[in-house]
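J.: Mind having a look at this structure? Questions to follow.
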Amino acid sequence: QVSGGQLCDKDLNYCGTHQPCQNGGTCSNTGPDKYQCSCPDGYSGVNCERAEHARLSNPCANEGSCVETSQGYECVCAAGWTGPSCTINVDDCARNPCSHGGTCQDLVNSFKCICPPHTCP
């Protein structure tokens, strides 16, 4: 580590010591303990940690919405959907909602009971 300052407590090569830039960002030392990242297209943030191309490509299926996070993005799924990209249909039959021997048919954010003869209205 290359140190500077009156107390030799400043890192003069912050980029080389810490390598803070992510996702292919280029680090430039701007002063003692200071740096700046130059981010490639599609990334932003102090350390190029935010993937903006994720929002542009809309990776969330089934009307899920894309939300930027410090790790990149996550999908907020519409009702009835789950999973990292909102591609898994929630099993609305998991609670066994049908009574009197009815068979549950899973739909999107819903279910339908198929009743044995003479048991349903």
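Backbone N, Cα and C define each Cβ position, glycine as well.
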J.: For the disulfide involving CYS86, grab the partner from CYS77, CYS98 as TrEMBL records it.
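T.: Disulfide pairing in TrEMBL: CYS86 with CYS77.
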J.: Disulfide partner of CYS48 per TrEMBL: which of CYS39, CYS60?
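T.: Cross-referencing TrEMBL, the cysteine bonded to CYS48 turns out to be CYS39.
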J.: Which three-state DSSP class does CYS48 (disulfide bond) fall into?
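T.: In three-state terms, CYS48 (disulfide bond) counts as coil.
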J.: Using the alpha carbons only, what distance in Å do you get between CYS39 (disulfide bond) and CYS86 (disulfide bond) once rounded?
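T.: With distance taken Cα to Cα, CYS86 (disulfide bond) is 29 Å from CYS39 (disulfide bond).
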J.: Just the number: how many Å between the Cα atoms of CYS86 (disulfide bond) and CYS48 (disulfide bond)?
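T.: CYS86 (disulfide bond) to CYS48 (disulfide bond), Cα-Cα distance: 26 Å.
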J.: Quick one: Cα separation, CYS48 (disulfide bond) versus CYS77 (disulfide bond), in Å?
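T.: Distance between the two Cα atoms comes out at 26 Å.
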J.: Do any residues of this chain, six or more beyond the ends of the domain 'EGF-like' (51-87), have a C-beta under 8 angstroms from a C-beta of it, and if so which?
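T.: Hits for the domain 'EGF-like' (51-87): 23, 41-45, 108-110.
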